[in-house]
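See below for the structure under consideration.
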Amino acid sequence: VFHLSHKVTRVVPESALLIVLGVFLGGIVWAADHIASFALTPTVFFFYLLPPIVLDAGYFMPNRLFFGNLGSILLYAVIGTVWNAATTGLSLYGVYWTGIMGNLNTGLLDFLLFGSLIAAVDPVAVLAVFEEVHVNEVLFIIVFGESLLNDAVTVVLYNVFESFVTIGPENVTGIECVKGIVSFFVVSLGGTLVGIFFAFLLSLVSRFTKHVRIIEPGFVFIISYLSYLTAEMLSLSPILAITFCGICCQKYVKANISEQSSTTVRYTMKMMASGAETIIFMFLGISAVNPKIWTWNTAFILLTLVFISVYRVIGVVLQTWILNHYRMVQLEIIDQVVMSYGGLRGAVAFALVALLDETKVKEKNLFVSTTIIVVFFTVIFQGLTIKPLVQWLKVKKTEHREPKLNEKLHGRAFDHILSAIEDISGQIGHNYLRDKWSNFDRKFLSKVLMRRSAQKSRDQILNVFHELNLKDAISYVAEGERRGSLAFIRSPSTDNMVNVDFSTPRPSTVESSVSYLLREKAGPVCLDMQALEQRRKSIRDTEDTVAHHTLQQYLYKPRQEVRA
């Protein structure tokens with residue numbers, strides 16, 4: 001129903017509509033039963049709803065962009081989250097001492113615990129809103145990567161402060177604080193390593209599934225989920241585990257599994273993620289309709305909203321100022337505005353606050369109420385206004401298209417030149433490391449984790465050749481449908497099937513044959529799919545045809561030789 005009316009979905013993000021629908025449904029249930037029979041429980045959220053979303057994000061992550069901006073993402077995710085948690089918690093505690101909030105049964109550690117869980121920028125909310133806005137890739141990967149990795153940071157901070165609350169403020173010593181810091185690194189790095197281990201295991205398994213194609217997609221889901229459960233069982237970060245499992249296995253798995261399995265994995269993963277997303281936002285709405293969890297404190301709620309917004313802006317501006325000293329592609333003021341505004345809170349904060357123990361944290365209901373208000377405010381209000389903001393600021397949008405062969409060629413040439421310059425000048429930078437990694441991958445990893453046939457089929461020239469043949473076949477079939485028979489291909493008048501001329505004007509809207517386009521000039525040939533697509537609309541041939549002269553020479557000879 002949402003998507004039938006484009007007027008609504010163009011203005012209101014789906015996540016906001018789902019929350020409103022959830023509140024409406026929750027109201028109906030409450031009116032009927034007078035008990036809140038449905039609520040989003042942390043167990044259901046962390047074990048069943050979050051893994052498919054994070055796996056989908058990791059498996060379809062643009063690796064090059066992610067690792068190219070990893071330094072920036074880590075700075076925002078780790079330092080930014082600690083900054084937000086500490087400043088929000090301390091500021092609320094400071095205001096509490098002035099007496100504005102009235103009489104609350106809490107201490108400093110409770111405020112810091114609340115600060116740590118409310119600092120979680122939620123990947124589900126960010127994805128739901130930013131995918132509809134289409135900001136440029138660098139901005140999207142930084143905001144989304146930060147939300148993905150800062151979840152892990154938030155959960156670790158939350159666990160540290162919760163254990164402090166459990167042992168009591170009087171028992172928190174310097175040693176306990178050091179233990180907290182060490183556990184933070186152990187949990188994060190440990191989770192990442194578990195994810196990488198399972199990614200390699202999955203790649204290795206997919207190498208030997210040639211005779212059991214039907215169960216290939218099953219392995220992808222089961223082994224990825226195993227990485228999540230294993231990390232959880234070892235008290236490491238499960239979110240980081242499944243993220244890095246998806247990121248590290250995608251290249252090898254996609255090469256190993258068949259085309260049909262790949263399609264199955266893609267659609268199943270997207271379907272599960274979008275289903276989980278829908279359930280989460282609906283249940284956030286439904287969970288709010290329960291008078292037992294509501295404790296209202298206007299000063300506390302309003303100040304929380306003010307503090308998380310203000311400190312988010314300050315944090316982003318300070319960190320970007322530091323980063324821009326080291327980044328080649330600077331993050332402009334406009335980007336910083338969108339990043340500050342994109343700090344959406346969501347189900348992670350709600351699930352963490354629902355986990356609190358009422359016997360230890362006396363003001364649990366106040367924290368729950370405030371979290372629900374913050375989630376609703378950020379997802380509905382900021383979600384509604386971010387699209388107009390992006391249009392008003394004229395933020396650079398992304399272009400969804402495959403790069404042309406020419407662009408790929410130049411991109412690769414620049415990679416080599418940059419890594420050579422870094423090598424000569426003795427700098428170890430992104431390009432040098434990428435070059436070393438791709439060599440290591442080519443010599444060792446690919447040989448172990450990819451089956452032989454997959455290694456051969458990675459040849460770019462063969463790929464273009466394969467695509468061209470597919471296009472040819474499609475255009476012949478289309479022409480055959482128009483004529484009502486495929487006999488024209490075999491007729492003696494056309495001594496060679498590639499000389500069929502489809503250029504005569506005809507009423508049908510069938511695209512002209514690629515074969516014809518390839519042979520409209522007898523000289524060098526353009527083998528670039530995108531250029532061919534565009535040439536039907538505009539004549540931009542010379543540069544492309546010259547660039548691909550070599551490709552054409554080598555591609556069309558073997559075809560003639562093997563005809564016999």
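Here the Cβ of each residue, glycine as well, is placed from N, Cα and C on the backbone.
Copied over from TrEMBL, here are the features:
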type     : residues : note
DOMAIN   : 5-392    : domain 'Cation/H+ exchanger transmembrane'
TRANSMEM : 12-32    : transmembrane segment
TRANSMEM : 38-61    : transmembrane segment
TRANSMEM : 73-96    : transmembrane segment
TRANSMEM : 108-130  : transmembrane segment
TRANSMEM : 137-161  : transmembrane segment
TRANSMEM : 181-202  : transmembrane segment
TRANSMEM : 214-230  : transmembrane segment
TRANSMEM : 274-294  : transmembrane segment
TRANSMEM : 300-321  : transmembrane segment
TRANSMEM : 333-354  : transmembrane segment
TRANSMEM : 366-386  : transmembrane segment
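Beyond its flanks by at least six residues, the transmembrane segment (333-354) meets 39-42, 45-46, 49-50, 76, 114, 117-118, 120-126, 129-130, 135, 138-139, 142-143, 147, 151, 154-155, 158, 280-281, 284, 287, 308-309, 312-313, 316-317, 320, 364, 367-368, 371-372, 374-375, 378-379, 382-383, 386, 389-390, 393-395 of its own chain at Cβ-Cβ distances under 8 Å. For the transmembrane segment (300-321), the list of distant contacts is 75-76, 79-80, 83-84, 87-88, 91-92, 95, 100-101, 104, 118-119, 331, 335-336, 339-340, 343, 345, 366, 369-370, 373-374, 377: same-chain residues at least six beyond its ends, Cβ to Cβ under 8 Å. Ranking 108-130, 137-161, 366-386 by CB pairs under 8 A with the transmembrane segment (38-61) puts 108-130 at the top.
Note on the transmembrane segment (12-32): residues 2, 38, 124-125, 128-129, 132, 277-278, 281-290, 376, 379-380, 383-384, 387 of its chain, located 6 or more positions outside it, place their CB under 8 angstroms from a CB of the stretch. Simply put, out of 73-96, 108-130, 274-294, 108-130 has the most Cβ pairs sitting under 8 Å from the transmembrane segment (366-386).
Of the candidate ranges 73-96, 108-130, 137-161, 108-130 has the most C-beta pairs within less than 8 angstroms of the transmembrane segment (274-294).
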